[in-house]
Every structure is written in C-alpha cells, then in structure tokens.
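Structure first, commentary second.
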Amino acid sequence: MSTSLRLANRTLGKSVSTRATSCSSPLCSPRVLRQQRFYSSEQPRSGGGGDRIKFWPFLALIGLGTAAYIQLANTRVKNKDMPPTTEVPAPAAQLSQSKPVFDPADVTVVFVLGGPGAGKGTQCARLVAEQGFTHLSAGDLLREEQNRPGSQFGQLIKDYIKDGLIVPMEVTIKLLENAMSEALRQKGTTKGRFLIDGFPRKMDQAHKFEEAVCPAKLVLFFDCPEKVMEERLLERGKTSGRTDDNAESIRKRFRTFVETSMPVVNYYESQGKVIKVDATPAPEDVFKTTNKLLTEKLSSA
Ligand SMILES: Nc1ncnc2c1ncn2[C@@H]1O[C@H](COP(=O)(O)OP(=O)(O)OP(=O)(O)O)[C@@H](O)[C@H]1O
Ligand SMILES: O=c1ccn([C@@H]2O[C@H](COP(=O)(O)O)[C@@H](O)[C@H]2O)c(=O)[nH]1
C-alpha cells in the first residue's frame, strides 16, 4: 500500500478510535469502517448536542482524495501495459472542472442500475449486440485494476468488494474515464454510446461523473426482488469465482444497495431520466421490454 494510503488509514483510524465517528473519506479502509458502521459508507446520523462538527477532518479528506487520484493517474501513465489514456490533467483541475471531458452532444451515456444479480450485465451484453453500445462495467474495471500487477489499489479494492462497500469514487471515475477514452480511440472517433453498468452507486459518484466526465442521458433500472437476486447470485457463485458471490457478501451488498444506491435511482427518477424494467421474467423477455423502452426514450430524449 502506498505511503499516502497508509498515512490516510493511520490518520483516519486514529480519529475513529478517539471520536468513534464514521469515516466518509474516499480513502477510508473497510477495516476502519468495520469499527463503526459495518454496511454503509454513508455519514452517520448526527447525535446529540455534544457531537459538534469539526472542519479539519474534511480538509484532510479532500487532500487525501486528491492524493489517491494522483496515484491512480500516475500508475496508469507509468505502466506501459496499460492502454494509452487521455492526457492526465492535474487532479484538482480534473475533479473541479466545470466542463466535462466528453461532450454529451457526441457521447451518449446511459447508466445501468439495479440490485446485485438483477441482470444488468446480461442485458447490457444483449444491448451491445443489438444496438452497438459500448458496455463498461464499473465492477469489472475495478476487478481488473485489483488484479493488475503493481496496482496501488489492489488490496483496497479487494477489501471493499468483499464487504460490498463502494470503492472511493476517484478510483472508479478515473477507470471509467480512461476506458471511455480508450474505446473511442480504438474506434477512431469522438462520438460513441456507452452503457455504464453498476455505476453510479452513490450520489457523490453521480454528481462528480456528470460534472467531470460526461452528463448522463438516461438511467436503465432493473427492478428485482432480493429473493430472486439472491438465488441468481448463489447460483452464479458456483462458477463465477467472485469473492462477493457468497451469502455473507450478498447480504452486505443488498444493504449497500438499499441504503446508498437506491437514492441515486430516486434522484434520477425525479429528473424523469429513469427507464424502469421488471427484471424477474426470463432474460429474453426482459430484453424485449428493455430494448423497446430504451429505443423509444433515446429517440425522444
Ligand atoms: N432474467 C433472468 N432470469 C434468470 N436468470 C438471470 C436473468 N438475468 C440474469 N440472470 C442470471 O443471474 C446471474 C446474475 O446476472 P448478471 O450477472 O447479469 O447480474 P448483474 O446485475 O450484472 O450482477 P452484479 O451486479 O452482481 O454484477 C447470472 O448468472 C445470470 O445468468
Ligand atoms: O461504482 C462502483 C461499482 C462497483 N463497486 C464495487 O464492486 C462490487 C461489484 O460490482 P458489480 O457491479 O456487482 O460487479 C460492488 O459490490 C462494489 O463493492 C464500487 O465500489 N463502485
């Protein structure tokens, strides 16, 4: 683990143990989170009058988030095995810029949301075949980064995924931006249509991605009861090799989904951007509905 991550964990761990408050840092380790609120990376609800807000931790967290971004950007630029990326701008400029990297007139982004095992990946694969989207799964990109030799974030990603927690947004957003750039570069164009699968899972990710990378046109939401999703995931777990396709991780992922990711769906719903699809029928039936609704909505949006 890098010096700044160790420093981050040490610093935050200390503040947790003395103040027993929750850590919302993008660099806060799940080991630290486990000491407080096990299932969610959300801020704790405020206590009584003695629980006054202190501002120095927030300044420290902004600095640490920036350090994480620099490390990821540098890692990918230095590693010759990685595909070429867009020029990496200074992190502060990147994350606070008012203009997104991609022009929504050229690049169509559709977020694909739904609980774990709802069938997001299955439907995205069909939409790629039918409609020529580029499919980018945030989970797949994180697993790839986790397994990349020399990654500064391998262990951190591994821990977060196993615990069903949401990886610091700087990491995921940079991976998505790089993958979008690379897909366009390979096609030799500035125009493209992307299905961003399993992202954003938290409100801060949604805001930051739209501000810094590309505004989203629509959100596909696959609605599925937990019981059905659980059965699918346990079945998938027999062969997937995923560290989070087991009963305990599934329970944690469901909790994160309800507490942290459903507010994102509700937010986009209030903007009239959500296409909600019942994900319980057979895959081909879910696809027929999805394809029809998405085509209609894209042509009218
Ligand atoms: N409509 C469906 N009916 C039955 N099984 C399905 C359906 N859709 C997907 N599955 C199966 O359920 C499992 C989970 O599907 P998939 O990987 O597409 O879900 P996901 O939402 O992308 O999951 P995760 O968020 O965990 O990556 C897979 O084994 C898949 O084959
Ligand atoms: O934006 C994201 C997306 C995913 N994660 C982590 O990855 C796992 C697995 O994601 P799948 O979409 O099910 O493949 C998820 O539980 C999170 O831990 C993330 O942190 N941020």
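Just so you know, glycine gets a Cβ as well, placed from its N, Cα and C.
Of the listed candidates (ARG143, ARG148), TrEMBL assigns ARG143 to the same ribonucleoside 5'-phosphate site as LEU165, ILE166, VAL167, GLY198, PHE199, PRO200, ARG201, GLN205, ARG242, ARG253. Binding of ATP is attributed by TrEMBL to GLY117, ALA118, GLY119, LYS120, GLY121, THR122, PRO281, and within the candidate set ARG185, ARG236, ARG251 the record adds ARG236 to that site. Of the listed segments 44-74, 137-167, TrEMBL assigns region 'NMPbind' to 137-167. In terms of C-alpha distance, the listed binding-site residues ILE166, GLY198, PRO200, GLN205 place GLY198 closest to THR122 (ATP binding site). Taking a Cβ cut-off of under 6 Å from any atom of ligand 2, the binding-site residues ALA118, GLY121, ARG143, ILE166, GLY198, ARG253 reduce to ILE166, GLY198, ARG253. Of the listed binding-site residues LYS120, ARG143, ARG236, ARG253, the Cβ environment within 10 Å is emptiest of other Cβ atoms at ARG236. Taking a Cβ cut-off of under 6 Å from any atom of ligand 1, the binding-site residues GLY119, LYS120, THR122, PRO200 reduce to GLY119, LYS120, THR122.
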